[in-house]
Amino acid sequence: MTAPVKLHLRAETKPLEHRSALTPTTTRKLLDAGFEVFVEKSPLRIFDDQEFVDVGATLVEEGSWVSAPEDRMIIGLKELPEESFPLSHEHIQFAHCYKDQGGWKDVLSRFPAGNGTLYDLEFLEDDNGRRVAAFGFHAGFAGAAIGVETWAFQQTHPDSENLPGVSAYPNETELVDKIKKDLAAAVEKGSKLPTVLVIGALGRCGSGAIDLARKVGIPEENIIRWDMNETKKGGPFQEIADADIFINCIYLSQPIPPFINYDLLNKETRKLSVIVDVSADTTNPHNPVPVYTIATTFDHPTVPVETTAGPKLSVCSIDHLPSLLPREASEAFSEALLPSLLQLPQRDTAPVWTRAKALFDKHVLRIGE
């Protein structure tokens with residue numbers, strides 16, 4: 001009989017990252033299937049440590065994955081802290097190093113240096129090439145929430161002020177209620193409800209953005225849905241400048257012309273005052289929203305775009321948006337990932353894992369190029 005798979009859930013280290021790759025619910029199912037699950041203590045995680053203990057997981061110290069036995073598979077969400085020591089375990093995580101992101105070679109080279117392996121969560125795909133688990137829906141939902149909140153803030157505050165920091169909500173209802181209240185305050189001051197243009201409207205992310213817009217009371221005729229059909233002629237697009245809020249939800253798989261540029265932005269006739277780049281391909285040389293250079297944070301959700309005409313323009317480029325709703329986002333993601341995790345004992349033959357390993361090997365070969 002093969003030895004049980006040992007999963008070690010590491011504590012996330014990114015500030016304000018409350019999500020978790022495993023939840024108490026999915027941990028129980030893994031334990032029932034014969035896995036061993038070690039969970040690092042975490043003051044940040046939306047789930048209490050005790051919730052994992054209650055389902056039978058073994059609690060271990062935060063950061064102990066570094067010296068954990070090599071037969072444990074290390075699972076987490078966001079990239080590891082920037083260190084240089086070689087990585088000797090098998091890791092399951094989002095690593096953001098396969099699309100030529102800034103510093104990708106430094107990130108990726110740590111794995112072959114220690115004879116470790118990376119199974120990148122972004123590239124775990126089923127037989128149809130569809131990702132088995134993604135945070136897209138909640139990323140779009142949270143991004144739209146911050147976008148609408150920013151727009152409402154602009155209507156009720158002077159241009160010299162930016163939207164203050166936001167923090168995680170315990171559940172979706174509280175978030176929706178807060179945005180509704182902000183919108184009502186803007187309308188009370190004489191503003192009409194905003195028009196929202198969503199690019200990537202047919203995907204998970206776009207669906208989440210549209211769902212938020214509806215739930216906070218933005219009328220259907222104010223929600224403009226674009227997908228590949230509408231963008232195939234190539235940008236930049238005047239229609240973006242004519243909307244109040246632009247939400248970019250596309251998955252960037254190849255270079256495309258920019259959706260927006262300064263020629264469109266630097267006009268008195270521009271209506272656009274909020275851009276939410278949910279895709280947040282900030283360091284990607286082909287970012288289709290090339291009007292900002294930094295990833296924003298929950299502490300400072302937006303940065304102003306340097307324009308010479310038209311209303312104030314704020315951009316939100318937070319790269320961990322689903323953390324605004326960490327409990328729902330984690331439950332949905334982990335439940336979607338579970339069938340693949342249950343195949344880990346057969347990872348040498350199960351297609352979802354062999355494809356991910358082949359992709360890792362392919363990109364490792366590129367390091368020396």
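Any Cβ shown, glycine's included, is placed from N, Cα and C.
Note that the structure is a prediction, hence the values are computed from the model and not measured.
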Given Swiss-Prot lists G203, R204, D227, T231, Y251, V278, I318, D319, H320, L321 for NAD(+), the same-site residue among R72, R110, R130: R130
K78, Q101, R131, F135, S279, A280, D281 bind L-saccharopine per Swiss-Prot; candidate in R19, R214, R347, R355 listed for that same site: R19
Residue with minimal Cβ packing [other Cβ atoms within 10 Å] among the recorded positions C205, C249, V278, A280, L321: A280
Recorded positions: R19, K78, H96, R131, R204 - member with fewest neighbouring CB atoms within 10 Å: R131
Residue, out of the binding-site residues Q101, T231, S279, whose Cβ gathers the largest set of other Cβ atoms within 10 Å: S279
Nearest of the binding-site residues (R130, R204, V278, D319) to Q101 (L-saccharopine binding site) - Cα to Cα: D319
